[in-house]
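First the structure, in the form of structure tokens, and then the observations on it.
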Amino acid sequence: MTNSPDFTPKAVLLDRDGVINFDSPDYILTPDQWLPVPGSLEAIARLHAAGIRIAIVSNQSALGRGMVDRDTFNAIHGKMMLAIEQAGGFISHVAYCPHGPDDCCSCRKPLPGMVFESLAALGIPDSPEQALFIGDSVRDVQAAFAARVPAMLVQSGYGDSDAILQKSRQLMPEIRAFADLASAVDFVLGDS
């Protein structure tokens, strides 16, 4: 493994829960439950300082399931965006899917709808190879793969990280895994 990726992406797409903030099998339902993974906010700031555009791509079915209302969801995102900005970062686009797994939408990961939306919003709709998706689940890797976007995994989510890595390597044999977003960004920026 080298000390930097094979390319410097023009854009980075981030999953939210398990990548930027700690995840919960019971969902993030209040602003108080939104707690950043240590180093994640600073990592986003470092990507921004390097001129890399950033989008968040996140399944948020708690909305569609009625577990959280729109105002509370917006408050959670407001807290996240403020924390990112206070750390020196900037998010250019947020794509989220409020649907459940049985709703037959085209946006919910592992489908690539939100990835395509984010690529367009970041100005590279026809250049998926110029982006990088950083997620913590197989469905993140599946969505990236379907959109032809290179991907990395972080192991700061709540799932079985070894099983996630093995399943992800069935799609992307060369996928790299890192402890957390800060470690992944060290690699992306050649600081590892």
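In case you wondered, yes, glycine gets a Cβ from its N, Cα and C as well.
Heads up, TrEMBL stuff is auto-annotated, nobody curated it.
ASP136 is the only one of ASP126, ASP136, ASP160 that TrEMBL places in the Mg(2+) site (with ASP15, ASP17). When Cα-Cα distances from CYS105 (Zn(2+) binding site) are compared across the recorded positions ASP15, ASP17, SER58, ASP136, the shortest belongs to SER58. Fewest Cβ neighbours within 10 Å among the recorded positions ASP15, ASP17, ASP136: that distinction goes to ASP17. Note on CYS97 (Zn(2+) binding site): other Cβ atoms within 10 Å of its Cβ, all shown chains, come to 22.
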